[in-house]
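To keep things clear, I will list the structure first and then write my remarks on it.
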Amino acid sequence: MAAMDSNINQITEVSEPEVKQFKTDEEILASFGYKQEMSKSISTISNFAIAFGCCSILSGLTPMWGDAMQSGGSVAVVWGWIIVSIFTFGVGLSLAEICSAYPVTGGLYIWVSRLAPPEWVPIACWLTGWCNWLGLTVAITSSDLGLAQFLASVIAISNPEYNASIYWQYGIFLVIAFIHGVINSASIKYNGFFNQTSLYWHLAGTLMIIIVALVLTPNKPDAKWVFTYFENDTGFSSGGYAFLIGLLQSQYTLSGFDSAAHMSDETHDAARNAPRGILYAIGTASIVGLAFMISVNFCVQDFQAQVVSELALQPQMTQVFLDGVGYKWTIVFTVIVMGAMFFSGSALTLGSSRMVYAFARDGAMPFSKWLSHVNERTQTPIYAVWGNVVFAVIVGLLFIVNETAFNAIVSINTIASSLAYLIPIALRLTVARKTFVRGPFHLGPFSDIINFSSCCWILLTSVLFICPTEYPVTADNMNYACVPLVAVLGGSTAYYHFRARKWFHGPGKATDGGSSTESMSDFNVDGSHNTTDVKHERFTEKKHEKVLLSNISSLHDS
């Protein structure tokens, strides 16, 4: 008996390090109770391209540039971009460190399951997942609506007498969203090529706009105007508040980079390449975006006529291009911008669908059985793609209702994404500070200070972007971002309290091909537990116990 105990102790001592040190992506997935279901066909450059597409500078900066210029002038646009880039890169560093330790599709939601205290894991994962989903899905709405607006401005250039109505723009938005659904229902290998094309389109297109605009635009302002001009047309007396409101366009643009983490199940060596995707996306977008913003501001010839006037084309950047480089080049510029917006919307549709797939495989969303289904032919979660498209289209209805709805939609995207970032970073900084096991990428002794500054920045921007953007505040210009935000998060929390807590316990155990955790199917209509499944589970457990006792007996006899 003593010999048997010695043998078991030796086995335990040898096996324990093997449980902790996972050598392959499949073993990392298995440690969370998942199995590899999707193809590992995404390279480092493709992962980076997807995240960079979500941080699309042309898609994020162009629709809201005019609003930012009226909320702080060139100071808010240029220096605001620098400030936001620095703090966002800090947030990216914090998330990349956690991603390297837990490179699993689902990203933030999965990480929280390892960072939160056991008793808080279900609700923490639930809130993180819903915030992350809301941020990514509403980003589809804002990107595709921005494209519809730009298309309307192109028509206005060709035919100044034609004014595209909001309903016409919404119709174009529906077509764009449908096309993105079709693209992301195809095999991931085609999406990899598509997103790499997006990367080159963004970089080459932005460079072309910068060079041509600076060369051809006459009467350029001096450097002092570009770097020091301040304008407050918000109606608020506080210039500081106006400047902070002007940061919205920058923070909105530099979001969605967590899509790199959501592609982990399909990325080679995800523990290293997914964190790289996050940081490369933020860094590249920050540098290229700064060059783009400075060059555009150097092309402003008449601030009042091109930006403030109600007669200016919308978005106002189109008016600046038209006055500076002429009709033909403006058409070229708008085609480049619209192409970037299209690529960005597709990348957001792709990243958000993987987040929904991961969340649904643990039974955390309505229709989880369908949303977590992976098509055998394309190896993509098709129902998750179309579920997000439908929700994005519904949120887009706000655009018809309210004149400042686009800003509200952007605010929802920014706030929800930021809150999803905050939860894992705060947990890493506090309760998981001593228990966190680093991955290949880590911040070393700088981890705490970077995480602390990231939390402070996220809290500041989250509160700021719920505030009104114009004064006096009326029913028409009120920032209604809090309405859908509270509706979705409040509704999901109530659903968790009354129903989901019966089966949802965080990321679960899908290794054997069943549902990852207890889901709706494990409960009868009256809420009682399905005893048939319980009996089957107990029978399986007894069978495993018999096998284990048999093995121990054999070991003892030897």
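Here the Cβ of each residue, glycine as well, is placed from N, Cα and C on the backbone.
According to TrEMBL, the protein carries these features:
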- 45-66: transmembrane segment (TRANSMEM)
- 78-111: transmembrane segment (TRANSMEM)
- 123-147: transmembrane segment (TRANSMEM)
- 167-187: transmembrane segment (TRANSMEM)
- 199-218: transmembrane segment (TRANSMEM)
- 278-298: transmembrane segment (TRANSMEM)
- 331-360: transmembrane segment (TRANSMEM)
- 381-400: transmembrane segment (TRANSMEM)
- 406-427: transmembrane segment (TRANSMEM)
- 448-466: transmembrane segment (TRANSMEM)
- 478-498: transmembrane segment (TRANSMEM)
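Long-range neighbours of the transmembrane segment (199-218) within the same chain, counting only residues 6 or more positions beyond its ends whose Cβ lies under 8 Å from a Cβ of the stretch, are 45, 48-49, 52-53, 56-58, 288, 291-292, 295-296, 298-299, 301, 321, 324-326, 329, 332-333, 336-337, 339-340, 343. Of the candidate ranges 167-187, 331-360, 381-400, 478-498, 331-360 has the most C-beta pairs within less than 8 angstroms of the transmembrane segment (45-66).
Residues 49-51, 53-54, 56-60, 62, 104-107, 109-110, 129, 132-133, 136-137, 139-140, 143-144, 146-147, 150-151, 153-154, 157, 176-177, 180-181, 183-184, 191, 194-195, 197-198, 201-202, 205-206, 208-209, 212-213, 256, 258-259, 262-263, 265-266, 318, 321, 325, 367-372, 374, 380-381, 384-385, 387-389 of the same chain lie 6 or more positions beyond the ends of the transmembrane segment (331-360) yet place their CB under 8 Å from a CB of it. Between the transmembrane segment (448-466) and the stretches 78-111, 123-147, 167-187, 406-427, the greatest number of Cβ pairs separated by less than 8 Å involves 406-427.
Across 78-111, 123-147, 278-298, 478-498, the stretch most heavily in contact with the transmembrane segment (381-400), judged by Cβ pairs under 8 Å, is 123-147.
Long-range contacts of the transmembrane segment (78-111) within the same chain: residues 25, 28-29, 32, 34, 38, 68, 72, 125, 128-129, 132, 226-227, 243, 246-247, 250-251, 254-255, 257-258, 260-267, 270-272, 274-276, 278-279, 281-283, 286, 289-290, 293-294, 297, 354-355, 357-359, 420-421, 423-425, 428, 436-443, 447, 450-451, 453-454, 457-458, 507, each at least 6 residues beyond the stretch ends and with a Cβ under 8 Å from a Cβ of the stretch.
Three or more CB pairs closer than 8 A are found between the transmembrane segment (167-187) and the transmembrane segment (123-147), so contact between the two stretches is assigned (pairs 6 or more residues apart). Long-range neighbours of the transmembrane segment (278-298) within the same chain, counting only residues 6 or more positions beyond its ends whose Cβ lies under 8 Å from a Cβ of the stretch, are 48, 51-52, 54-58, 61, 65, 74, 77-78, 81-82, 85, 88-89, 92-93, 95-96, 99, 202-203, 206, 209-210, 213-214, 217, 220-221, 226, 250, 253-254, 257-258, 260-261, 317, 320. Listed by sequence, the residues of this chain that lie at least six past the ends of the transmembrane segment (123-147) yet keep a Cβ under 8 A from its Cβ atoms are 54, 56, 59, 62-63, 106-109, 112-113, 116, 169, 172-173, 176-177, 180, 252, 255-256, 258-259, 338, 341-342, 344-345, 348-349, 351-352, 355-356, 359, 364-365, 388-389, 391-393, 395-396, 399, 406, 409-410, 412-420, 423-424, 427, 484-485, 488-489, 492-493, 496, 500-501, 504, 506-507.
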